[in-house]
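For reference, Swiss-Prot has these:
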BINDING   34-41, 113-117, 168-171  GTP binding site
DOMAIN    25-239  domain 'tr-type G'
REGION    34-41  region 'G1'
REGION    92-96  region 'G2'
REGION    113-116  region 'G3'
REGION    168-171  region 'G4'
(Lines of atoms letter the chains of each structure in order from A and count residues from 1; the text may use other names and numbers.)
(Lines give C-alpha, C1' and ligand atoms only; values in the text may rest on other atoms or scores of the structure.)
Protein backbone atom coordinates (compact mmCIF):
# COMPACT_ATOMS: atom_id res chain seq x y z
CA UNK A 1 0.00 0.00 0.00
CA UNK A 2 1.07 3.60 -0.58
CA UNK A 3 2.74 4.69 2.68
CA UNK A 4 1.24 8.19 2.56
CA UNK A 5 -2.24 6.76 2.02
CA UNK A 6 -1.74 4.35 4.90
CA UNK A 7 -0.69 7.23 7.15
CA UNK A 8 -3.74 9.30 6.14
CA UNK A 9 -6.05 6.39 6.96
CA UNK A 10 -4.36 5.96 10.33
CA UNK A 11 -4.68 9.68 11.09
CA UNK A 12 -8.40 9.63 10.30
CA UNK A 13 -9.00 6.66 12.60
CA UNK A 14 -9.71 3.94 10.06
CA UNK A 15 -10.82 3.31 6.50
CA UNK A 16 -14.46 4.28 7.05
CA UNK A 17 -13.59 7.62 8.65
CA UNK A 18 -11.04 8.28 5.90
CA UNK A 19 -13.65 7.63 3.18
CA UNK A 20 -16.12 10.00 4.84
CA UNK A 21 -13.44 12.69 4.99
CA UNK A 22 -12.69 12.15 1.29
CA UNK A 23 -16.34 12.65 0.38
CA UNK A 24 -16.37 16.10 1.96
CA UNK A 25 -13.27 17.36 0.16
CA UNK A 26 -13.82 19.70 -2.76
CA UNK A 27 -13.10 18.27 -6.22
CA UNK A 28 -11.10 20.08 -8.90
CA UNK A 29 -11.09 18.84 -12.48
CA UNK A 30 -8.22 20.22 -14.55
CA UNK A 31 -6.37 19.45 -17.75
CA UNK A 32 -2.85 19.92 -18.98
CA UNK A 33 -2.54 21.29 -22.50
CA UNK A 34 -0.07 23.08 -24.74
CA UNK A 35 2.15 22.34 -27.70
CA UNK A 36 4.05 19.16 -28.55
CA UNK A 37 6.82 18.11 -26.11
CA UNK A 38 6.15 20.92 -23.65
CA UNK A 39 6.18 18.36 -20.82
CA UNK A 40 2.51 17.80 -20.03
CA UNK A 41 2.75 14.11 -19.18
CA UNK A 42 6.00 14.65 -17.26
CA UNK A 43 4.31 17.34 -15.17
CA UNK A 44 1.46 15.03 -14.20
CA UNK A 45 3.94 12.27 -13.38
CA UNK A 46 5.87 14.73 -11.19
CA UNK A 47 2.68 15.78 -9.37
CA UNK A 48 1.82 12.14 -8.66
CA UNK A 49 5.38 11.36 -7.61
CA UNK A 50 5.92 14.35 -5.33
CA UNK A 51 2.54 14.00 -3.63
CA UNK A 52 3.42 10.32 -3.01
CA UNK A 53 0.46 8.95 -4.97
CA UNK A 54 2.48 6.17 -6.61
CA UNK A 55 2.35 2.64 -5.22
CA UNK A 56 5.53 0.64 -4.76
CA UNK A 57 4.75 -1.76 -7.61
CA UNK A 58 4.04 1.19 -9.92
CA UNK A 59 7.37 2.76 -8.98
CA UNK A 60 9.18 -0.51 -9.66
CA UNK A 61 7.43 -0.83 -13.02
CA UNK A 62 8.33 2.78 -13.82
CA UNK A 63 12.02 2.05 -13.25
CA UNK A 64 11.84 -0.84 -15.71
CA UNK A 65 9.80 1.09 -18.28
CA UNK A 66 12.19 4.05 -18.07
CA UNK A 67 15.05 1.76 -19.11
CA UNK A 68 13.09 0.43 -22.11
CA UNK A 69 11.10 3.45 -23.30
CA UNK A 70 12.51 6.37 -21.32
CA UNK A 71 13.76 9.60 -22.91
CA UNK A 72 15.52 11.04 -19.84
CA UNK A 73 18.70 8.96 -19.74
CA UNK A 74 19.36 7.52 -16.29
CA UNK A 75 16.51 9.51 -14.70
CA UNK A 76 12.97 8.28 -14.18
CA UNK A 77 10.76 9.13 -17.16
CA UNK A 78 7.71 10.28 -15.23
CA UNK A 79 5.69 10.76 -18.43
CA UNK A 80 5.39 6.97 -18.67
CA UNK A 81 3.06 7.04 -15.65
CA UNK A 82 0.47 8.66 -17.92
CA UNK A 83 1.32 7.60 -21.48
CA UNK A 84 -0.11 4.09 -21.32
CA UNK A 85 -0.71 3.29 -25.00
CA UNK A 86 2.04 1.37 -26.76
CA UNK A 87 2.07 3.88 -29.62
CA UNK A 88 2.49 6.71 -27.11
CA UNK A 89 5.49 5.08 -25.48
CA UNK A 90 7.12 4.20 -28.77
CA UNK A 91 6.73 7.71 -30.19
CA UNK A 92 7.18 9.57 -26.90
CA UNK A 93 3.94 11.51 -27.40
CA UNK A 94 0.42 11.63 -25.96
CA UNK A 95 -2.39 10.55 -28.31
CA UNK A 96 -5.43 9.74 -26.21
CA UNK A 97 -6.82 11.71 -23.25
CA UNK A 98 -5.47 10.06 -20.09
CA UNK A 99 -7.22 10.58 -16.76
CA UNK A 100 -5.50 10.33 -13.40
CA UNK A 101 -6.84 10.78 -9.88
CA UNK A 102 -5.08 11.94 -6.74
CA UNK A 103 -5.79 13.84 -3.55
CA UNK A 104 -4.01 15.92 -0.95
CA UNK A 105 -5.10 16.87 2.54
CA UNK A 106 -6.94 19.87 1.10
CA UNK A 107 -8.55 18.69 -2.13
CA UNK A 108 -9.34 15.87 -4.57
CA UNK A 109 -8.22 16.12 -8.18
CA UNK A 110 -9.09 14.61 -11.55
CA UNK A 111 -6.42 15.31 -14.19
CA UNK A 112 -6.94 15.07 -17.94
CA UNK A 113 -3.67 14.79 -19.84
CA UNK A 114 -4.41 15.94 -23.39
CA UNK A 115 -2.31 15.58 -26.56
CA UNK A 116 -0.33 18.49 -27.93
CA UNK A 117 -0.21 17.49 -31.60
CA UNK A 118 -2.50 19.51 -33.85
CA UNK A 119 -3.99 16.36 -35.40
CA UNK A 120 -5.29 15.33 -31.96
CA UNK A 121 -6.95 18.69 -31.19
CA UNK A 122 -10.30 16.85 -31.05
CA UNK A 123 -9.03 14.83 -28.06
CA UNK A 124 -7.92 18.01 -26.33
CA UNK A 125 -11.37 19.58 -26.78
CA UNK A 126 -12.96 16.43 -25.37
CA UNK A 127 -10.78 16.59 -22.27
CA UNK A 128 -11.43 20.30 -21.74
CA UNK A 129 -15.21 19.99 -21.93
CA UNK A 130 -15.53 18.69 -18.35
CA UNK A 131 -12.76 20.68 -16.64
CA UNK A 132 -12.80 23.68 -14.31
CA UNK A 133 -9.19 24.76 -14.83
CA UNK A 134 -6.49 24.43 -17.49
CA UNK A 135 -2.74 24.20 -16.96
CA UNK A 136 -1.21 25.57 -20.14
CA UNK A 137 2.39 24.45 -20.51
CA UNK A 138 4.92 26.54 -22.43
CA UNK A 139 8.46 25.39 -23.22
CA UNK A 140 10.75 28.13 -21.88
CA UNK A 141 13.01 27.68 -24.92
CA UNK A 142 10.22 28.12 -27.49
CA UNK A 143 7.78 30.60 -25.96
CA UNK A 144 4.17 31.03 -27.07
CA UNK A 145 3.36 28.86 -30.12
CA UNK A 146 0.32 28.43 -32.38
CA UNK A 147 -0.85 25.35 -30.50
CA UNK A 148 -0.49 27.31 -27.25
CA UNK A 149 -2.90 29.90 -28.64
CA UNK A 150 -5.26 27.27 -30.03
CA UNK A 151 -5.52 25.40 -26.73
CA UNK A 152 -5.99 28.66 -24.81
CA UNK A 153 -8.85 29.71 -27.08
CA UNK A 154 -10.54 26.29 -27.03
CA UNK A 155 -10.31 26.19 -23.22
CA UNK A 156 -12.02 29.57 -22.85
CA UNK A 157 -14.54 28.68 -25.56
CA UNK A 158 -15.50 25.63 -23.49
CA UNK A 159 -16.15 27.80 -20.45
CA UNK A 160 -12.88 27.41 -18.51
CA UNK A 161 -12.23 30.63 -16.56
CA UNK A 162 -9.06 29.65 -14.67
CA UNK A 163 -5.77 29.32 -16.55
CA UNK A 164 -2.40 28.47 -15.01
CA UNK A 165 0.39 29.24 -17.45
CA UNK A 166 3.18 26.87 -16.42
CA UNK A 167 6.44 27.94 -18.05
CA UNK A 168 8.25 24.62 -18.07
CA UNK A 169 11.84 23.47 -18.66
CA UNK A 170 13.28 26.45 -16.82
CA UNK A 171 16.31 24.25 -16.08
CA UNK A 172 17.20 24.39 -19.79
CA UNK A 173 17.38 28.21 -19.79
CA UNK A 174 19.41 28.41 -16.56
CA UNK A 175 16.31 29.38 -14.56
CA UNK A 176 16.35 32.79 -16.24
CA UNK A 177 13.97 35.37 -14.76
CA UNK A 178 14.30 37.39 -17.96
CA UNK A 179 13.00 34.46 -20.03
CA UNK A 180 10.06 33.97 -17.66
CA UNK A 181 9.16 37.68 -17.77
CA UNK A 182 9.35 37.83 -21.58
CA UNK A 183 7.08 34.81 -22.06
CA UNK A 184 4.68 36.13 -19.43
CA UNK A 185 4.36 39.46 -21.24
CA UNK A 186 3.93 37.74 -24.63
CA UNK A 187 1.13 35.58 -23.30
CA UNK A 188 -0.65 38.46 -21.54
CA UNK A 189 -0.61 40.42 -24.79
CA UNK A 190 -2.26 37.49 -26.55
CA UNK A 191 -4.70 36.85 -23.66
CA UNK A 192 -6.17 40.36 -23.94
CA UNK A 193 -8.14 39.05 -26.91
CA UNK A 194 -9.49 35.94 -25.16
CA UNK A 195 -13.21 36.06 -24.35
CA UNK A 196 -14.52 36.33 -20.82
CA UNK A 197 -13.20 37.50 -17.47
CA UNK A 198 -10.27 35.14 -16.93
CA UNK A 199 -8.16 34.29 -13.88
CA UNK A 200 -4.63 33.81 -15.30
CA UNK A 201 -1.66 32.84 -13.12
CA UNK A 202 1.97 32.17 -14.04
CA UNK A 203 4.33 29.63 -12.46
CA UNK A 204 7.95 29.03 -13.62
CA UNK A 205 8.86 25.38 -13.11
CA UNK A 206 10.80 22.33 -14.19
CA UNK A 207 8.65 19.22 -14.28
CA UNK A 208 11.70 17.02 -14.80
CA UNK A 209 13.60 18.36 -11.78
CA UNK A 210 10.54 19.13 -9.63
CA UNK A 211 11.18 22.88 -9.26
CA UNK A 212 8.04 24.77 -8.13
CA UNK A 213 5.76 21.78 -8.77
CA UNK A 214 5.04 20.57 -5.24
CA UNK A 215 7.91 22.33 -3.46
CA UNK A 216 9.65 25.69 -3.79
CA UNK A 217 12.64 25.82 -6.11
CA UNK A 218 16.04 26.69 -4.68
CA UNK A 219 17.19 27.60 -8.19
CA UNK A 220 14.58 30.34 -8.71
CA UNK A 221 14.81 32.44 -5.58
CA UNK A 222 13.63 35.42 -7.63
CA UNK A 223 10.15 33.81 -7.77
CA UNK A 224 8.23 34.36 -4.54
CA UNK A 225 4.83 33.10 -5.67
CA UNK A 226 3.10 29.81 -4.81
CA UNK A 227 4.03 26.43 -6.25
CA UNK A 228 1.80 24.81 -8.84
CA UNK A 229 0.31 22.47 -6.24
CA UNK A 230 -0.44 25.36 -3.89
CA UNK A 231 -2.35 27.15 -6.66
CA UNK A 232 -4.34 24.00 -7.42
CA UNK A 233 -5.20 23.50 -3.75
CA UNK A 234 -6.35 27.07 -3.13
CA UNK A 235 -7.97 28.31 -6.35
CA UNK A 236 -11.66 29.04 -5.82
CA UNK A 237 -13.89 27.47 -8.44
CA UNK A 238 -17.42 28.74 -8.89
CA UNK A 239 -19.44 26.43 -11.11
CA UNK A 240 -21.85 28.28 -13.37
CA UNK A 241 -24.45 25.51 -13.26
CA UNK A 242 -24.98 25.83 -9.50
CA UNK A 243 -26.48 29.31 -9.88
CA UNK A 244 -28.47 28.60 -13.04
CA UNK A 245 -32.18 27.62 -13.16
CA UNK A 246 -33.14 23.97 -12.97
CA UNK A 247 -32.51 21.87 -16.07
CA UNK A 248 -33.10 18.11 -16.11
CA UNK A 249 -32.59 16.38 -19.48
CA UNK A 250 -34.26 12.98 -19.54
CA UNK A 251 -31.78 10.27 -20.48
CA UNK A 252 -33.89 7.18 -19.87
CA UNK A 253 -37.45 6.24 -18.93
CA UNK A 254 -37.11 3.71 -16.11
CA UNK A 255 -40.05 1.33 -15.88
CA UNK A 256 -38.94 -1.91 -14.16
CA UNK A 257 -42.53 -2.90 -13.31
CA UNK A 258 -46.12 -1.70 -13.66
CA UNK A 259 -45.98 0.19 -10.36
CA UNK A 260 -42.96 2.38 -11.11
CA UNK A 261 -42.31 4.96 -13.81
CA UNK A 262 -39.31 7.21 -13.35
CA UNK A 263 -37.25 9.53 -15.51
CA UNK A 264 -33.51 9.05 -15.13
CA UNK A 265 -30.75 11.52 -15.91
CA UNK A 266 -28.20 13.92 -14.46
CA UNK A 267 -29.40 17.25 -13.11
CA UNK A 268 -27.65 19.69 -15.44
CA UNK A 269 -28.10 22.82 -13.32
CA UNK A 270 -29.92 24.29 -10.35
CA UNK A 271 -31.70 22.06 -7.85
CA UNK A 272 -34.95 20.13 -7.64
CA UNK A 273 -37.13 19.34 -4.59
CA UNK A 274 -39.91 16.91 -3.79
CA UNK A 275 -43.23 18.68 -4.33
CA UNK A 276 -41.79 21.14 -6.83
CA UNK A 277 -43.96 22.05 -9.81
CA UNK A 278 -42.13 21.23 -13.04
CA UNK A 279 -42.79 21.64 -16.75
CA UNK A 280 -41.87 19.25 -19.56
CA UNK A 281 -40.52 20.73 -22.78
CA UNK A 282 -41.22 20.82 -25.64
CA UNK A 283 -44.79 19.64 -24.79
CA UNK A 284 -45.35 22.21 -22.01
CA UNK A 285 -47.24 19.73 -19.79
CA UNK A 286 -46.86 20.34 -16.02
CA UNK A 287 -46.73 18.03 -13.01
CA UNK A 288 -45.28 17.78 -9.49
CA UNK A 289 -42.19 15.89 -8.31
CA UNK A 290 -43.39 12.98 -6.16
CA UNK A 291 -40.04 11.31 -5.46
CA UNK A 292 -36.32 11.82 -6.07
CA UNK A 293 -34.75 8.36 -6.28
CA UNK A 294 -30.98 7.82 -6.04
CA UNK A 295 -28.65 4.86 -5.61
CA UNK A 296 -28.57 5.60 -1.87
CA UNK A 297 -32.35 5.84 -1.52
CA UNK A 298 -34.94 8.61 -1.74
CA UNK A 299 -33.91 12.24 -1.27
CA UNK A 300 -35.86 15.41 -0.53
CA UNK A 301 -33.77 17.49 -2.94
CA UNK A 302 -30.96 17.10 -5.47
CA UNK A 303 -28.32 19.43 -6.88
CA UNK A 304 -26.50 20.04 -10.15
CA UNK A 305 -24.30 17.17 -11.27
CA UNK A 306 -26.17 14.44 -9.38
CA UNK A 307 -27.55 11.37 -11.16
CA UNK A 308 -31.17 10.92 -10.10
CA UNK A 309 -34.51 9.44 -11.13
CA UNK A 310 -37.57 11.69 -10.87
CA UNK A 311 -41.04 10.27 -10.24
CA UNK A 312 -43.93 12.61 -11.05
CA UNK A 313 -47.44 12.65 -9.61
CA UNK A 314 -49.08 12.40 -13.04
CA UNK A 315 -48.76 9.82 -15.82
CA UNK A 316 -47.68 12.06 -18.70
CA UNK A 317 -45.88 11.46 -21.97
CA UNK A 318 -42.14 11.99 -21.44
CA UNK A 319 -39.38 10.44 -23.53
CA UNK A 320 -35.60 10.53 -23.88
CA UNK A 321 -34.40 14.00 -24.87
CA UNK A 322 -37.24 15.90 -23.17
CA UNK A 323 -36.28 18.64 -20.71
CA UNK A 324 -37.76 19.27 -17.26
CA UNK A 325 -37.55 22.72 -15.70
CA UNK A 326 -39.38 24.87 -13.16
CA UNK A 327 -43.03 25.38 -14.13
CA UNK A 328 -42.86 29.18 -13.86
CA UNK A 329 -39.90 29.51 -16.24
CA UNK A 330 -40.34 30.47 -19.88
CA UNK A 331 -37.88 28.84 -22.30
CA UNK A 332 -39.16 28.89 -25.88
CA UNK A 333 -38.18 26.17 -28.33
CA UNK A 334 -36.14 27.39 -31.29
CA UNK A 335 -35.44 25.96 -34.71
CA UNK A 336 -32.23 27.87 -35.41
CA UNK A 337 -29.11 28.98 -33.56
CA UNK A 338 -25.65 30.41 -34.06
CA UNK A 339 -23.10 27.89 -32.82
CA UNK A 340 -19.36 28.13 -32.14
CA UNK A 341 -17.82 25.04 -33.73
CA UNK A 342 -14.54 23.17 -33.30
CA UNK A 343 -14.31 21.04 -36.44
CA UNK A 344 -12.68 17.63 -36.08
CA UNK A 345 -12.98 15.94 -39.48
CA UNK A 346 -10.83 15.82 -42.61
CA UNK A 347 -13.90 16.64 -44.70
CA UNK A 348 -14.54 20.40 -44.26
CA UNK A 349 -17.78 21.79 -42.83
CA UNK A 350 -19.59 23.61 -45.64
CA UNK A 351 -22.93 25.46 -46.01
CA UNK A 352 -25.77 23.23 -47.18
CA UNK A 353 -24.51 20.11 -45.42
CA UNK A 354 -26.70 18.21 -42.96
CA UNK A 355 -25.52 16.30 -39.89
CA UNK A 356 -27.04 14.39 -37.04
CA UNK A 357 -26.57 16.31 -33.82
CA UNK A 358 -26.84 15.22 -30.21
CA UNK A 359 -27.57 17.62 -27.39
CA UNK A 360 -28.44 16.72 -23.79
CA UNK A 361 -29.57 13.21 -24.74
CA UNK A 362 -31.69 14.30 -27.71
CA UNK A 363 -30.68 13.32 -31.23
CA UNK A 364 -31.96 15.16 -34.28
CA UNK A 365 -30.69 16.61 -37.55
CA UNK A 366 -29.33 20.05 -38.41
CA UNK A 367 -28.48 21.87 -41.63
CA UNK A 368 -25.57 24.30 -41.97
CA UNK A 369 -27.05 27.55 -43.30
CA UNK A 370 -23.79 29.47 -43.37
CA UNK A 371 -20.40 30.14 -41.81
CA UNK A 372 -20.15 33.64 -40.37
CA UNK A 373 -16.41 33.56 -39.75
CA UNK A 374 -13.40 31.49 -38.76
CA UNK A 375 -11.12 32.57 -35.92
CA UNK A 376 -7.46 33.18 -36.82
CA UNK A 377 -5.62 31.45 -33.98
CA UNK A 378 -2.55 33.71 -34.25
CA UNK A 379 -4.34 36.95 -33.38
CA UNK A 380 -7.94 35.82 -32.68
CA UNK A 381 -9.28 37.98 -35.51
CA UNK A 382 -12.30 36.89 -37.54
CA UNK A 383 -12.04 36.17 -41.26
CA UNK A 384 -14.54 35.08 -43.87
CA UNK A 385 -14.20 31.52 -45.18
CA UNK A 386 -16.17 29.26 -47.50
CA UNK A 387 -15.78 26.23 -45.25
CA UNK A 388 -14.36 25.17 -41.90
CA UNK A 389 -11.40 22.80 -42.25
CA UNK A 390 -9.89 20.30 -39.79
CA UNK A 391 -9.18 21.92 -36.38
CA UNK A 392 -10.86 25.12 -37.56
CA UNK A 393 -12.84 27.18 -35.04
CA UNK A 394 -15.66 29.42 -36.21
CA UNK A 395 -19.24 30.63 -35.81
CA UNK A 396 -21.85 28.73 -37.81
CA UNK A 397 -25.61 29.21 -38.39
CA UNK A 398 -27.66 26.03 -37.97
CA UNK A 399 -31.30 25.19 -38.64
CA UNK A 400 -32.72 22.14 -36.86
CA UNK A 401 -35.20 19.61 -38.23
CA UNK A 402 -37.41 20.13 -35.19
CA UNK A 403 -37.77 22.79 -32.48
CA UNK A 404 -35.21 22.40 -29.69
CA UNK A 405 -34.96 23.83 -26.19
CA UNK A 406 -31.49 25.38 -25.84
CA UNK A 407 -29.43 27.52 -23.50
CA UNK A 408 -26.34 29.51 -24.35
CA UNK A 409 -23.28 27.34 -23.67
CA UNK A 410 -21.75 29.86 -21.28
CA UNK A 411 -24.92 29.63 -19.16
CA UNK A 412 -25.34 25.86 -19.28
CA UNK A 413 -22.80 23.54 -20.97
CA UNK A 414 -25.20 20.56 -20.93
CA UNK A 415 -28.18 22.17 -22.67
CA UNK A 416 -25.93 24.42 -24.75
CA UNK A 417 -23.33 21.91 -25.95
CA UNK A 418 -23.77 19.62 -28.94
CA UNK A 419 -21.83 17.24 -31.15
CA UNK A 420 -21.99 16.76 -34.93
CA UNK A 421 -22.29 13.16 -36.15
CA UNK A 422 -21.66 12.03 -39.71
CA UNK A 423 -24.84 10.33 -40.91
CA UNK A 424 -23.04 7.65 -42.91
CA UNK A 425 -20.12 6.67 -40.70
CA UNK A 426 -21.70 7.61 -37.34
CA UNK A 427 -18.39 9.27 -36.40
CA UNK A 428 -18.32 12.43 -34.28
CA UNK A 429 -16.96 15.14 -36.58
CA UNK A 430 -17.38 18.34 -34.58
CA UNK A 431 -18.18 19.95 -31.25
CA UNK A 432 -20.57 22.88 -30.96
CA UNK A 433 -21.29 25.48 -28.29
CA UNK A 434 -24.56 27.40 -28.66
CA UNK A 435 -23.72 31.08 -29.01
CA UNK A 436 -27.24 32.44 -29.44
CA UNK A 437 -30.55 30.60 -29.98
CA UNK A 438 -32.67 32.27 -32.67
CA UNK A 439 -36.31 32.50 -31.67
CA UNK A 440 -37.78 32.35 -35.18
CA UNK A 441 -36.41 30.62 -38.20
CA UNK A 442 -37.76 28.92 -41.30
CA UNK A 443 -36.28 26.23 -43.42
CA UNK A 444 -35.04 27.11 -46.87
CA UNK A 445 -37.33 25.81 -49.60
CA UNK A 446 -34.36 24.91 -51.78
CA UNK A 447 -33.43 22.10 -49.38
CA UNK A 448 -36.48 20.07 -50.44
CA UNK A 449 -37.75 18.99 -53.82
CA UNK A 450 -41.21 19.94 -55.10
CA UNK A 451 -42.35 16.34 -54.59
CA UNK A 452 -41.19 16.35 -50.95
CA UNK A 453 -43.03 19.61 -50.25
CA UNK A 454 -46.26 18.35 -51.88
CA UNK A 455 -46.07 15.05 -50.00
CA UNK A 456 -45.46 16.91 -46.73
CA UNK A 457 -48.51 19.13 -47.32
CA UNK A 458 -50.64 16.08 -48.20
CA UNK A 459 -49.65 14.19 -45.06
CA UNK A 460 -50.30 17.19 -42.80
CA UNK A 461 -53.72 17.79 -44.40
CA UNK A 462 -55.06 14.22 -44.35
CA UNK A 463 -53.12 12.66 -41.47
CA UNK A 464 -52.77 15.43 -38.84
CA UNK A 465 -52.60 12.82 -36.05
CA UNK A 466 -49.19 11.75 -37.38
CA UNK A 467 -47.76 15.04 -36.12
CA UNK A 468 -45.64 15.72 -39.22
CA UNK A 469 -43.95 19.12 -39.09
CA UNK A 470 -44.17 21.71 -41.87
CA UNK A 471 -40.91 21.50 -43.86
CA UNK A 472 -41.12 25.23 -44.55
CA UNK A 473 -41.54 26.06 -40.87
CA UNK A 474 -44.94 27.74 -41.25
CA UNK A 475 -46.60 26.83 -37.98
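Positions of Cβ are set from backbone N, Cα and C atoms, glycine also.
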Exercise. What does DSSP give as the helix, strand and coil breakdown of the region 'G1' (34-41)?
Worked result: 2 helix, 1 strand, 5 coil
Exercise. So how many of the residues in the region 'G4' (168-171) end up helix, strand or coil by DSSP?
Worked result: 2 helix, 1 strand, 1 coil
For this session: Could you say whether, by DSSP, residue 114 (GTP binding site) belongs to a helix, a strand or a coil region?
Result: coil
For this session: For the region 'G1' (34-41), provide the mean pLDDT of the predicted model.
Result: 81
